[in-house]
Amino acid sequence: MGRSTACLFGAIVILWCCISHVTSDASDHRYKKGDSVPFYANKVGPFHNPSETYRYFDLPFCSPDKVKEKKEDLGEVLNGDRLVVAPYELDFQIDREPQSICKKRLTVNEVAKFRHAVLKDYFYQMYYDDLPIWGFLGKFDSEDKDDPTGARVHLFKHVHFEILYNKDRIIDVFIRNDPRAVVDLTQNREVNVDFTYSAKWIETDTPFEKRLEKYSQTSSLSHNLEIHWFSVINSCVTVLLLTGFLTIILMRVLKNDFVKFTPDEEAVDDQEESGWKYIHGDVFRYPRFKSWFAAALGTGTQLFTLAIFIFMLALVGVFYPYNRGSLFTALVIIYALTSGIAGYYAASFYYMVEGKNWVKILVLTGSLFSGPLFFTFCFLNTVALAYNTTAALPFGTIVVIFLIWTLVTSPLLVLGGIAGKNSQTGFQAPCRTNKYPREIPQLPWYRTTLSQMAMAGFLPFSAIYIELYYIFASVWGHQIYTIYSILFIVFIILLIVTAFVTVALTYFQLATEDHEWWWRSFLCGGSTGLFIYGYCLYYYFARSDMSGFMQTSFFFGYMACICYGFFLMLGTVGFRAALIFVRHIYHSIKCE
């Protein structure tokens, strides 16, 4: 146990160092007049397809003879960022009149590329002093937005920058397009274009500490806050009604059961057992496929720990708006460091239920979530390579992730498994298990596993569905989500509702003399993940404008992995709650 504590402490130290590195990424540069300011062009892509992004110079802009690329960290690469030095010179406090970047004769093929980009609502993203800038490539005039055939297509050829500064620091930057400075790209013919830009510096009294506030104001607007708080109040009311109802029902039912099942000594022989007391000799019979069950519990515990750490970082302000790649960096590092937790809980539970093959359980635990994620990544990365998008990870990044998995994740998984193997002596059941299992009576359809999973998943999902829209609009759109405190409250409510619903359904299952509750409680707890994936279908087809094979593949592929992770995490929560409840009620009666 001492070694596992030391490993956990070491992991916390490493995590803290990573947090310090991530939080130190914020640009805090001070400049003198005429100083060069870091200016990077990032990527271009369809506005409605956030995963389908391309390198900036994949379009025939004015490019230097040698494109200078910025060295990026792991999170930026995973986020699809590919920063290069922008073809603009915007020195500190130096205004620029309209100035030519280059004069270029666009070929028919280049005109077709630009025209396709404009018709698909392509936008570009840049970073000036680490402040994000967006702009559209052009505009098209069409009576039918859904069918732009025959539209007149215009490319913006002039870009105007307005830069706000406070003394020696940059506060904000805006980009303007002159609707009159355009080039007609409607026809398939060569076109001469003079790409120009200008810049205006404006002094402001906004302090440097507040320069990122505008990016989070959309989440904090009064009408959005009202909706968020309505979501929280709706969830709280659901929790109060549910917990109150279940507490009253279960306490009254259990009280009657305890009175019935604990008669005086003279009546013991005459008392005929029924209900959940009748199966006291089978209720703690170990589940089928216990190696898979232990692996699911270990992986679910790891993902639960990962979620808690991510919330901790979010609440202390690590994931401020447009801290490029910080979330992906944290996810990779924390997932690697928490693999020891998965190994520990999986091995300890496996040996607690008299498992023998500890190597098998560690292999299952290590691959239960990362295996499907790996195969999904391989398919989607192949699709991204075929489309030549920035979502395709470079070979070097894949090697780095493989080394993290080999040198960090796997050793910690083994160490956790060894610690878990040596920490448990046996399952402490309050009742002795019979040698032969009782036959389970015929159950009506509404007490089957699928029916109970549907009932178990609906209530937790109803407590979070309002907040889901904002999360989806942030992850798969261009909105910014910063109200992590409300999200954390909703997460806690989700856990409470999942636990209570699973406990209630477990009691009703035992009351029908069905003693196979182990897997049932896990499946009922995790069924909310299936409802979330059902919401993915609704969001994609009804609330978004995403389209195309690549974007559809990325959306449903990665959301399947996320929902699967929720299934494992909430399934673990549901089982743990049910286990505590079952142990408690059987401790409270006289078992023979």
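Each residue, glycine too, has its Cβ placed from N, Cα and C.
It should be emphasised that the depicted structure is a prediction, and the values quoted were computed from it without experimental measurement.
According to TrEMBL, the signal peptide annotation covers 1-24. Positions annotated as transmembrane segment by TrEMBL: 227-251, 292-320, 326-347, 359-387, 393-415, 453-472, 484-510, 522-542, 554-582.
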Study note, to complete from the structure: Stretch winning on C-beta pairs under 8 A with the transmembrane segment (227-251) (pool: 292-320, 326-347, 484-510, 522-542, 554-582) is 484-510
Review point. Can you name the far-off residues of the same chain, 6+ from the ends of the transmembrane segment (554-582), with a Cβ under 8 Å from a Cβ of it?
Key: 51, 283-284, 296-297, 299-301, 303-304, 307, 368-369, 372-373, 376, 379-380, 383-384, 391, 456, 460, 476, 494-495, 498-503, 506-507, 510, 517-518, 521-530, 532-533, 536, 540, 546
Practice item. Determine which recorded stretch among 292-320, 326-347, 453-472 has the most C-beta pairs below 8 angstroms with the transmembrane segment (393-415). Key: 326-347
Check your understanding: Sequence-remote contacts (6 or more beyond its ends) of the transmembrane segment (292-320), Cβ cut-off under 8 Å?
Key -> 15, 19, 22-23, 26, 212, 216, 326-327, 330-331, 334-335, 338-339, 341-347, 349-350, 353, 355, 361, 364-365, 368-369, 482, 484-485, 487-488, 491, 518-519, 522, 526, 565, 568-573, 575
